């Protein structure tokens with residue numbers, strides 16, 4: 001007899017969007033819920049200037065594991081790395097059209113890239129996709145990358161880019177102390193410090209300046 005089981009294809013193939021139930025955590029028993037009630041970290045309010053985002057509850061962690069977070073997975077692609085170089089080159093060409101001197105052209109390029117990156121990766125919270133039940137509503141895109149694993153190759157690349165950009169632009173305004181200090185402050189305080197582990201899940205609230213920037 002001919003064994004046809006090897007030639008037959010499975011009737012159902014797992015879709016990329018099929019929930020990953022293997023990583024889900026077990027639901028706590030009723031006794032655990034009574035002894036240790038679950039608190040929703042997203043509802044907490046703090047009047048202090050500096051606060052720290054609490055770890056997700058088990059419901060949020062399960063929601064995060066259900067489907068891939070498409071808001072952050074694209075950042076790991078090598079093509080996404082190239083986008084940063086292309087954006088910097090385009091900014092440099094754009095500002096050179098106005099006849100600015102090289103030091104001002106590189107200053108505007110440096111500040112535009114770093115501030116734009118900060119708004120996109122460190123200021124806006126949540127995700128435009130509603131696949132995870134709002135489990136990422138309290139996290140920035142930077143905190144969503146690589147499941148919050150620090151110093152991955154992608155994170156290191158994104159950390160090095162503003163530093164290299166500053167070193168390149170520094171060749172043009174090294175004799176101008178004002179521009180040097182301005183670019184140094186922007187690079188360090190906005191381009192580097194928010195990417196370090198000491199600022200992970202850290203929130204600095206300045207009344208009237210920083211607000212609840214979140215994708216809805």
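Positions of Cβ are set from backbone N, Cα and C atoms, glycine also.
The following features are taken from Swiss-Prot:
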- 17-38: compositional bias 'Polar residues' (COMPBIAS)
- 9: phosphoserine (MOD_RES)
- 15: phosphoserine (MOD_RES)
- 18: phosphothreonine (MOD_RES)
- 22: phosphoserine (MOD_RES)
- 29: phosphoserine (MOD_RES)
- 51: phosphoserine (MOD_RES)
- 1-50: region 'Disordered' (REGION)
- 1-78: topological domain 'Cytoplasmic' (TOPO_DOM)
- 125-148: topological domain 'Cytoplasmic' (TOPO_DOM)
- 199-216: topological domain 'Cytoplasmic' (TOPO_DOM)
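Within the model, the topological domain 'Cytoplasmic' (125-148) shows a mean pLDDT value of 80, rounded to a whole number. Same-chain residues at least 6 positions away in sequence with a Cβ under 8 Å from that of residue 51 (phosphoserine) are, in sequence order, 202, 203, 205.
Taking DSSP states H, G and I as helix and E and B as strand, the topological domain 'Cytoplasmic' (125-148) has 8 helix, 2 strand, 14 coil.
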